[in-house]
Ligand SMILES: CC(=O)SCCNC(=O)CCNC(=O)[C@H](O)C(C)(C)COP(=O)(O)OP(=O)(O)OC[C@H]1O[C@@H](n2cnc3c(N)ncnc32)[C@H](O)[C@@H]1OP(=O)(O)O
Ligand SMILES: O=C([O-])CC(=O)C(=O)O
C-alpha cells in the first residue's frame, strides 16, 4: 500500500500525538491493532478478544478471555431508570441520538467517580450498548419491552437476539462479529480525536464517549453506511447505478461509502466485508443489491479512482441480515467504543490538554461603537 500524500485543511497530514493502538495506511500494512493485521484478527479472533487486546495491549489466553466475557455477560442489563428514559424517546428519533442519550444518562446513574474506574466504565458501556439500542428500537417501533438479557455468549450474537427475539444463525453471529472487529479501531479519526480532546481536559469516560458518538453520527464519518444503503436501494440495476452515479458526480455530490481521509488506493476492511456480503447475498436468495454494489465499486474506481471504504459493503451485508438501516451506525458505536475507550485511557496515561492554535483571518482591531451609531 502506498502512503497517501496528506496536506491541507482538516489537520490532514499533521501528527497530533502518539499511539500504540493502531496503524492506518502505513506502507506494507493496511490496518493493524497493537501490531496485529486486521485480516488476521478478522479470520482468527473474536470481537471480545479484540476488545481485550485494545484495552490490555495483548491478546488474552483462554482463561483471561473466559473471565472477561463472563464479566461483560453479567453487565448487559439496563437500570430501570434508563429504560424509562429510552421509552420516552420517539420512534422517529435518530438512533445515534438515542445512543448519545443512553450513554450520557448511564453516566448519570453510574458515574466514573475517578480514573481507577475507567476500565469498569468502558466494560459497562460495551456490555450495555446493544441493549440501549435494541430496547429503544423494539419499544418505539414494535411496542415491545424486551428482556435486555440473552443467553448469547458473544456481544454480536446478543445484539442479534435482542433485535430479532430469536436465536441467530452461526453465519450471522460470525458476520456481525467480524464487522465489530473491522470497525473497532482506526487511529486518530474524527470521533476518536473527539474522545481524546475531551479526555485531555480530564473529563470523565461517559463525556468522552458521548462526544465521540456525536462525531461518528455525521455522514462523512460513521453515518456513511446508512447513507450508502439509502443510495443503493434507489438503484434499479447495475446499469441504472452507473447512470445515476454519473449524474451525482456531475452534480458534485459525495458518493457515500467511497474515499478515505488516509487510505489512498483501497481500504483493507472492504475486501473482508465484501466477501461476507456476497455470501449473505446468496443465502438471502436475491443477489441484486450485491450486484448493484459491485457495479458501484467498479464505476467509482474506473471514473474517479475512488474505492469503497469500510462502510460501503457493510450496507448490503447488514441489509441481508435483516438489520434495519437506521441501526447501522449504532452498531458501529458498539464496536468503535473499544477504540475510543482505549484512546481515552492512552491519552490519560500521558496527558497534556489538547489545545491547538488558529490562524486569525478576521477584522483588524476596532472599537465598540455606541449601539445607536451602528
Ligand atoms: C468509517 C469511516 O468514517 S470511512 C469514511 C466514511 N465517509 C464516507 O464514505 C463519505 C464519503 N467520502 C468522503 O466524503 C471523503 O472521501 C472523506 C470525508 C472520507 C475523506 O475526505 P478527504 O480526506 O477530504 O478526501 P480526499 O482528500 O481524498 O478527496 C479528494 C477529492 O476526491 C473527492 N471525493 C472524495 N471522496 C468522494 C466521494 N465519496 N464522492 C465524491 N467525491 C469524493 C473530494 O471531494 C476531493 O475532490 P476535490 O479535490 O475536487 O475537492
Ligand atoms: O479513519 C477515518 O478517518 C475514518 C474511520 O474512522 C474509519 O475509516 O474507520
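Glycine residues also receive a Cβ, built from the backbone N, Cα and C atoms like all the rest.
What TrEMBL says about this one:
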ACT_SITE  260  active site
ACT_SITE  311  active site
Taking the Cβ of residue 260 (active site) as the reference point, list residues of the same chain whose Cβ is under 8 angstroms away and which are at least six residues distant in sequence.
267, 307, 309
Measure from the Cβ of residue 311 (active site) and count the other Cβ atoms within 10 Å, all protein chains considered.
29
For residue 311 (active site), which DSSP three-state class applies?
helix
